[in-house]
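Taken verbatim from TrEMBL:
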- B:95-279: domain 'MacB-like periplasmic core' (DOMAIN)
- B:367-483: domain 'ABC3 transporter permease C-terminal' (DOMAIN)
- B:516-673: domain 'MacB-like periplasmic core' (DOMAIN)
- B:749-863: domain 'ABC3 transporter permease C-terminal' (DOMAIN)
- B:93-116: transmembrane segment (TRANSMEM)
- B:358-381: transmembrane segment (TRANSMEM)
- B:408-434: transmembrane segment (TRANSMEM)
- B:457-480: transmembrane segment (TRANSMEM)
- B:501-524: transmembrane segment (TRANSMEM)
- B:746-769: transmembrane segment (TRANSMEM)
- B:790-817: transmembrane segment (TRANSMEM)
- B:829-852: transmembrane segment (TRANSMEM)
Amino acid sequence: MKGTNLGEFQEIVMLSILILDENAYGVTIQEEIDRRMGRSISRGALHTALTRLEEKGFISSDYGEPTSERGGRRKRYYEVTNKGLATLQEAKELREGMWDLIPKLT
Amino acid sequence: MKHPDIPSFAYKLFKWFCKDHLYEELEGDLEESFLANKEKYGLKKARRIYTREVLKMIRPTVLNKPKSGPGYQAALISSYVTISLRNLRRQKLFSFINIFSLSVAMSSGLLVIGMISDLLKFDEFHEHKHEIYRVISSATYQSRQLETQASSPLGLGPEIKQQVPNIQVAQLGRRLQGTATANDKKIFVKGIYADEHFFDFFTFDLIKGSKQNGLKDPFSVLLSESFVNKTFEDSNPVGETIDIEGLGTLKVTGIVADPPQFSHLQFEAIVSLSTTSILARQGIIDKSHDQWENLDRYYNYIYIPENQEKTSVIAWLNNNAPTYYKDPDNFKASFELQRINEIVPGPNISDSIGPKMIYLPIIILSVIAAAILLSAIFNYTNLSMARSLRRAREVGVRKLNGASRASIFGQFTVEAIILSLLSLGLGILLFRVLRNGFIEILPRAEEMVSLELTPQLIGWFVLFAIATGLIAGLSPSIFFSRLSSLRALRSGKMLKALSGISFRKSLIVAQFTLSIIFVMAVVITHKQYSYSLNNDMGFNKDNILNLRVQGNDPQILKSELMKLPEVSNVSFSSYIPGVGNWNNLQLVDARNQDSVWVHHIKVDDAFLENMQIELVAGRNFVPGENDVRESTILVNETFVKNFGLGSPSEALGTVFNVEGESVEIVGVIKDIIYANLEEHINSFVIRNTGEYQYANLKIASSDILGTLGSVEQVWDEVDANHRMDAAFMDQQIEDYYEFLVDFMKIFGFIGFLAVSISTLGLLGMAIYSTQTRMKEIGIRKTFGASEGKLIYLLSRGFFKMVLWAILIGTPICYLLFDKVILAQNVYRTQITIVEIGGSIIVLLLLCMVTIITQTWRAARTNPATVLRDE
């Protein structure tokens, strides 16, 4: 796990990208997190998280076609890389393994 | 494109700070959210959210890193430096000319900066420098405003101390000097009087003795450390006595540390101020010395503690002090405060207690140094612009590769600053060589400036060099940074027109104008100096040794001196004529009782013969004639004319009243220049009253040293108490006009700087312009132009500039000297074609050598070598 530690917020961002699938770009990710978490995050904070994830190689991005509703500016679509997916899986397994170790109270 | 509803400030702000490569995505997202929010929450809230979002974007991952980050800047500057050094090395000749002329010019600037920085140190050593004030006074005598004086009445100090609370006062006095006899040694001493409050607030150290009591009792004296070392050496002087000429015996009460050099109070001895009242009672000092009407020789220093307003002191000086004058219509004085560290350099006030330096010479020197420096800066500008052709290509390539205007500007500025710093190195060497000469030239400067190279001073020098570099680099930087790459890379033809030929030419003309002015100034000053020495004063000044009588009996002195075979005659006079002295005398016309002020001198009967003064009518004094009471006088021709006495022989026998005695004119002499060349010859009276200050010895021997030796022997026999004080009259007159020599030295030095800088500049231009025209010369030569024609063609332009400079400079200098400087003298030399022509020829010759060596070489080059390389 060394060097690939994942913050909680970063994990949520990656999961949101996975949920959004083909339509994951700044605004939709922001909305998704908003909806799921019930917490409003700024686009700037999201940008920082995305930058960090991209630096780690967990996500990649591509520009789409320009659209008129954005003043002709292109969207930047994000997708989770295989490395990112593996890391998410690892994190999930780690947690589940730990949950399993908790003595059942029932 | 901005959506019209988006708040424009936030939009612009974001655009400004966002990294370029992120902008498209982020602004797109922000705008999309904004539109969604507008649907959901309405315009107002959407705008608010947008602004908030933008502000939250201010984070390291989004912020555009400014190009001027420290690392980037350092890299840029180091690249500037590397390229500058390469350029300097590649252009060795231009670099040399620039560095040499800049360093020569800087050295004069450095001298002035050094001087100013020394002067600003004056009295800064006092711990209470911001709280000590001196009372300065201006008197009004019979409604005539007199000069402002540094001194103030002796009575003022005690009164103000009593009436204004919380202040302290120390009183000082000057005119303490004379031969001191201490420990059986005779040595000249100079000092001040001070009261017992001297150590209360001045920062002077007492090495031995008591600060409270050392200056309390009359006839107490504190000696300075260096004076003690010269006299008492290792023995303890405290409790011993010393004699000071005119004061009597004084008791040594302590040793005071030598005052710092940068102190306006200088002393080898401090005598208690209470001594003066006893001296006044004995008649040694004027009895009126402590009257409020006497503003001379005493100084009141007031200490106003920091928390105390000085307004109460000023109010007392303005309101209370004038009430001490009982007859204000006849005499009154007003008083002001002057802070101790503002005395030197300071305004021009008389009766100063120590060295003084007024602003005017500092300003003049600064202006001259600035003019010289500007001249060298012109050179740099000129040569850089001239090289523009070559440099333009470099600039063009840089610009094509994306260099901004600012970076081109930076490159040329850094280049100028590096050059200027290199010049500073050489300039500091020159400064060290020149500084002693500079101190010698300036009158009294050795007391006031040391020009020592302190780290602080070097700091100032570096700042000065950087400023010089900035100014020198300004116009080349602007020129090159404005250049468009297209223009820069295209053929040189367009550039030439751009590089401001007329501007460069006018700079050269300005330089040579300065040069011709200074060269002429030196020549004219020299002429006035030799005129001053060789001009017929109306009396003989050769082989006359003037000996100060110092209170001895003239008759004894004369009979002893006459025994010497070297002395052929001895006469006496009350002062030495021709060296700027004269005395006033009130004369009452016996016919109509009108009183008139005239000038006079007191001499004995041998004076006329000794000085070879010519009598036009009447006779000389007869020995013994005026012994009982003064009955006869001699007058000069101007006197006869001014009083309307007709012809000289008609004037004989006219009777006047002098100091209550009636005297008769028995002789009329030719006009002599008894004062100096600056003053008109006034009505002049020669009296014979037996009161003399000087013996005038006519020396018949050519062995000057031997004669001085035997005169000194005679002197020591006659007077054992004083040292002989004698000087040859021609030397005294020469010394009196020494200031003209100083002028000559200063003008000469500056002239040398100006001429060498402008000639170097001309050399650079000549080299450059012949080099760029080599091809033209080659072609002309192949078509049959002669060498002479070519030299003429190439040199013509330069000579035109020099001639313009001469045309402008000559009348300026002529008028300056003829109407202003020489016009201060009544008796003066005339500026003739010889001086003007001579200066012009010298300058022209210099230019000719400079230009023709270059053009001649170019004209002789084989055209094949020039035309082949393409």
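Even glycines carry a Cβ here, placed using N, Cα and C.
What TrEMBL says about a protein is an automatic prediction, not a curated fact.
Values in this document were obtained by computation on a predicted structure and should not be read as measured data.
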Contact between the transmembrane segment (B:93-116) and the transmembrane segment (B:408-434) (3 or more Cβ pairs under 8 Å, separation 6+): yes
Helix, strand and coil residues within the domain 'ABC3 transporter permease C-terminal' (B:749-863) as assigned by DSSP: 100 helix, 0 strand, 15 coil
Rounded mean pLDDT for the residues that make up the domain 'MacB-like periplasmic core' (B:95-279): 90
Summary of DSSP states over the domain 'ABC3 transporter permease C-terminal' (B:367-483), given as helix, strand and coil counts: 101 helix, 0 strand, 16 coil
